[in-house]
Amino acid sequence: MAADLAGKWILESSENFDDYMKAVGVGMVMRKMANAATPTQEIKIDGDSWSIKTSTTFKTTDISFTIGQEFDETTGDGRKIKTTCKIDGNAMIQDQKGSPDSILSREVKDGKMHMILKVNDVVCTRIYKRVD
């Protein structure tokens, strides 16, 4: 269930992240820094109210939102977008409207958080392990 996402997570593996960042327009210098980072995500859930704090050694971003309600989001790379989140089965889906549109999903499978990032025909998979 989506509530299993609550907690603190650290990146364990990443596939196709550089291609995803290129597809959303991230410049080379920022891509190099992001590829070298090992982010943590701290997810808090209170009913339909969620917050996600993503931290690296060079940047921290916080988003707070209510499931089903559109909100303004500034992404880690500085893009300003409109986002709506929803629950789909055991996953929390972020539908990001900007230039370009993208979809991020988070779901716990086998005790790990699987984060799938999609833009156009590019798919990135990032696996996080729970931090005790």
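Cβ atoms are placed via backbone N, Cα and C, with glycine included.
The local packing around TYR128 ((9Z)-hexadecenoate binding site), expressed as other Cβ atoms within 10 Å of its Cβ over all shown chains, amounts to 24. DSSP assigns TYR128 ((9Z)-hexadecenoate binding site) to a strand. Annotated (9Z)-hexadecenoate binding site per Swiss-Prot: ARG126, TYR128, in sequence order.
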Under 8 Å by Cβ from ARG126 ((9Z)-hexadecenoate binding site), same chain, sequence gap 6 or more: LEU11, SER13, SER14, GLU15, PHE17, HIS114, MET115, ILE116, LEU117
